[in-house]
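The feature Mg(2+) 3 binding site is assigned by TrEMBL to B:D30, B:D75, B:D211. The Mg(2+) 4 binding site feature in TrEMBL is assigned to B:D30, B:S45, B:D75. Here TrEMBL flags B:T46, B:D47, B:D122 as Mg(2+) 1 binding site. Per TrEMBL, the feature Mg(2+) 2 binding site maps to B:D47, B:D75. Here TrEMBL flags B:H54, B:D262, B:Y314 as substrate binding site. According to TrEMBL, the ATP binding site annotation covers B:G121, B:D122, B:R146, B:S213. Residues or ranges marked as Mg(2+) 5 binding site in TrEMBL: B:D214. The annotation domain 'PurM-like N-terminal' is assigned in TrEMBL to B:28-138. Summarising the annotation, TrEMBL assigns domain 'PurM-like C-terminal' to B:150-295.
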Number of protein chains: 2
Amino acid sequence: MGEFELIRNFFAAAPCAQGGVGVALGIGDDCALLDVPFGEQMAISTDTLVAGVHFADPCDPFLLGQRALAVAASDLAAMGATPLAFTLALTLPTVEAGWLEAFARGLNLMAQACDLRLVGGDTTRGPLSLTLTVFGRVPKGLALSRSGARPGDLVCVGAELGNAAGALPLVLNQRSTTPDIAQPLLAHYWSPTPQLALGQALRGKATSALDISDGLLADCGHIARASKVGLQIDNHRLPMSLALQTFLGKADAQRAALSGGDDYVLAFTLPGAELPALLAAGWTIYVVGRVIEGLGVYLLDEAGQDITPDQRGYQHFHA
Amino acid sequence: MGEFELIRNFFAAAPCAQGGVGVALGIGDDCALLDVPFGEQMAISTDTLVAGVHFADPCDPFLLGQRALAVAASDLAAMGATPLAFTLALTLPTVEAGWLEAFARGLNLMAQACDLRLVGGDTTRGPLSLTLTVFGRVPKGLALSRSGARPGDLVCVGAELGNAAGALPLVLNQRSTTPDIAQPLLAHYWSPTPQLALGQALRGKATSALDISDGLLADCGHIARASKVGLQIDNHRLPMSLALQTFLGKADAQRAALSGGDDYVLAFTLPGAELPALLAAGWTIYVVGRVIEGLGVYLLDEAGQDITPDQRGYQHFHA
C-alpha cells in the first residue's frame with residue numbers, strides 16, 4: 001500500500017469522516033452519496049488555497065486545516081444553507097505524519113463546529129495546496145442570493161469588521177504587540193467563525209447576502225451589481241473591535257473594516273420591518289447603510305457627504 | 001478587474017456554464033444550487049490532476065481539459081449516476097489567453113458529451129493543477145457500490161482494456177509507430193469515454209461496479225475487499241484491441257490489460273441471469289471471470305491453473 005493510499009485511510013478514519021445525517025455513503029467508493037430532503041436544494045461551493053499565495057509556507061498545519069474549512073463553510077452561511085458535508089482535495093509535496101495529524105486535528109475541530117462531514121476527496125503529490133468543496137441544503141426558494149436587494153432595504157453586517165486584516169501584519173511577523181491585542185485579532189484570522197446560524201435565521205428575511213472575503217466595500221459591489229442597486233455605507237457606523245482600533249488607530253482601523261480581506265462575516269440587505277424581531281431574538285446585527293436606486297457602492301461621512309474615493313463608487317474596486 | 005476575475009467571467013460565459021436541467025443557480029453567487037428529484041440521491045466525486053505528476057508539463061491544454069473531465073465523469077459512470085454538473089478549481093502559474101481558450105474548448109466538448117454543466121469553482125495563481133468535482137443523481141438504493149459482489153456472479157468489463165497504458169510510451173515520446181496503430185491508442189488515453197450510459201443500464205442489475213483506473217487486477221482487488229469475496233480472472237479472455245496487440249505483442253498487451261492504468265472502463269459483477277437481456281439490448285459486455293468464496297483476485301490460465309504472480313492474490317497489489 002503506497003503512502004498516499006495510507007493518507008486516504010488516515011482521513012477515512014478521522015472522526016469527521018464517520019458519516020451522519022444526510023450521508024448515505026461516505027469515503028471509500030467511486031462516489032459519495034448524499035440525501036437531500038424533499039423540497040430542499042443542494043448548495044455547493046469550492047475554494048482553493050495555495051501555499052505561498054493564500055497562506056505562508058511553511059505554516060501551522062493545525063491552523064491551516066481549521067481556517068481552510070471555515071473559509072469554505074462561510075459560503076454556505078452566505079447562502080443560508082444548513083451544512084451537510086465536504087470533500088478535501090489535498091496536494092502534498094511530501095508525506096509527514098506529524099503535519100498530517102495536526103492538519104486533520106484542525107480540520108476535525110472546524111468540521112465539528114460547523115456540523116460538516118468529510119465524504120470524499122483526493123490526495124495527490126505536488127506543490128502544497130487544498131481544494132475544499134462544501135455541501136449544504138436549503139429549502140427551495142429560500143437560499144440567500146446576491147441579487148434580491150431593493151431600494152429602501154438596510155445594509156447590515158453580522159459581526160465586527162477588519163479584525164483579520166488587522167491581524168495580517170502579526171501573521172506575517174511584520175509587527176508585534178501585546179497579547180491582549182494580538183490574541184483576539186489572530187483568532188479572527190486563523191479561526192474565522194462561519195455565521196451559519198445567522199445565515200439560516202435570515203432565510204426568507206434578508207433580500208440578499210454574501211460573506212465578506214475581499215472587504216466590505218468590494219463585496220457590497222457584488223450585491224450592487226447582482227441586484228442592480230446602489231449601496232450607501234456610513235463610514236461612522238462600521239463595527240470595529242477595541243483591539244483593532246488600539247492596534248491600528250481609528251483611521252487605519254476604518255480602512256481595514258472597509259477594505260481589508262478575510263473577514264468571513266455576513267453582509268446582507270434587510271427590509272427594515274424584519275430588523276426588530278431578529279434583534280429581539282438575540283441576533284447580533286449592525287446596520288451600516290441603506291440600499292438606494294442607482295448602481296455602485298458609496299461611502300458617506302457623518303454629515304451624509306459622499307467620501308467615496310472613486311466617484312463611480314466601488315463597483316470596480318476589486319483589483 | 002484583475003486577470004483572475006476575468007478568467008472567472010471567461011468560464012462563466014462558456015457554453016457548458018449556461019445552466020440546464022437540475023441547475024437552479026449556476027456560477028456567480030456564493031454557492032451553486034442543484035435540484036435533486038424526490039427519491040434520488042446526489043453522487044459526488046473529486047479528482048485532482050497535478051502538472052508533472054498526472055500529466056506532462058507543458059501539455060496540450062485542449063487535450064488536458066477534455067481528459068480531466070472524462071476521468072472525473074468516469075466515477076459517476078461507475079456509480080450508475082446520471083450526470084448533473086461539475087465544479088472546476090483551476091490553479092495557474094500565469095494567465096495565457098490561448099492556453100485558457102484551448103483548455104475551455106476541450107472541457108466544453110467533454111461536458112457536452114457527458115451532459116455535465118459547469119456550476120462553479122475557483123481560479124487561483126500557483127503551480128498548475130486542477131481539481132474537478134462531479135455531481136450526478138441516482139435513484140435511492142440503486143447506486144452501484146463496490147460492496148455487493150456475490151459468489152457465482154460473473155466478472156465483466158465494458159470495453160477493451162490496456163489501450164491507454166499502451167499509449168503511454170507514445171504520450172511520453174519514448175516510442176513511435178504508424179498512425180493506424182498510434183491513433184486509436186492515443187484516442188483512448190487523451191479522450192477516454194466515461195461509460196455513463198452503461199453504468200445507468202446496470203442499475204439494479206450489477207451487484208458491484210467501479211471504473212478501472214489502476215488496472216483490472218488492482219481495481220478488482222477493491223471489489224474483492226469491499227465485497228469480501230474472491231475474483232477469478234481468466235487471462236485468455238481479456239478483451240484487447242488489435243492496435244494494442246500489434247504495438248506491444250501479445251504478452252505485453254496482456255500485461256497492459258491486466259495492470260496498466262488509465263482505462264476508465266467499467267468493471268462489474270453481474271448475476272449470470274442478467275447477462276442475456278443486456279446483450280440483447282446491444283450493450284458491449286465482456287465476461288472475464290467469476291466471483292468465488294474467499295478473498296483476493298486470482299489470475300487463471302486457459303487450463304484453469306492459478307498463475308497469480310503473488311500467491312495471496314492481488315489484494316495488496318496497489319503500490
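Placement of Cβ uses the backbone N, Cα and C atoms for every residue, glycine included.
Listed binding-site residues: B:S45, B:D47, B:D211, B:D214. Those with a CB under 8 Å from a CB in chain A, in sequence order: B:S45, B:D47, B:D211. Candidates B:D30, B:H54, B:D75, B:R146, B:D211, B:S213 (binding-site residues) were compared with B:S45 (Mg(2+) 4 binding site); those inside 10 Å Cα-Cα are B:D75. Mapped onto three states, the DSSP output places B:D211 (Mg(2+) 3 binding site) in strand. The record assigns B:G121, B:D122, B:R146, B:S213 to the ATP binding site, and the maximum Cα to Cα distance across that set is 31 Å. Counting residues per DSSP class in helix, strand and coil order gives 37 helix, 46 strand, 28 coil for the domain 'PurM-like N-terminal' (B:28-138). In this structure, the binding-site residues under consideration are B:H54, B:R146, and the one with the smallest number of other Cβ atoms within 10 Å of its Cβ is B:H54.
Within 10 Å of the Cα of B:D75 (Mg(2+) 3 binding site), the following binding-site residues from the list B:T46, B:R146, B:D214 place their own Cα: B:T46. As a summary of secondary structure, the domain 'PurM-like C-terminal' (B:150-295) carries 68 helix, 27 strand, 51 coil according to DSSP. Checking Cα-Cα distances from B:D214 (Mg(2+) 5 binding site) against the binding-site residues (B:D30, B:T46, B:D47, B:H54, B:R146, B:D262) with a 10 Å cut-off leaves B:D262, in sequence order. Recorded residues B:T46 (Mg(2+) 1 binding site) and B:G121 (ATP binding site) have their alpha carbons 12 Å apart, per Cα-Cα distance. Closest in space to B:G121 (ATP binding site), of the binding-site residues given as B:D30, B:D47, B:D262, is B:D30, taking the CA atom of each residue. Taken together, the residues of the domain 'PurM-like N-terminal' (B:28-138) have an average pLDDT of 96.
B:D47 (Mg(2+) 1 binding site) and B:D262 (substrate binding site) are 13 Å apart (CA-CA, integer value).
Taking the Cβ of B:D214 (Mg(2+) 5 binding site) as centre and 10 Å as the limit, one finds 18 other Cβ atoms among all the protein chains shown. Within the set of binding-site residues B:D30, B:D47, B:H54, B:D122, the entry lying nearest in space to B:R146 (ATP binding site) is B:D47 (CA atoms).
If you compare Cα positions, B:D30 (Mg(2+) 3 binding site) sits closest to B:D122 out of the binding-site residues B:D47, B:H54, B:D122, B:S213.
With a 10 A radius on its CB, B:S45 (Mg(2+) 4 binding site) counts 28 other CB atoms from all the protein chains.
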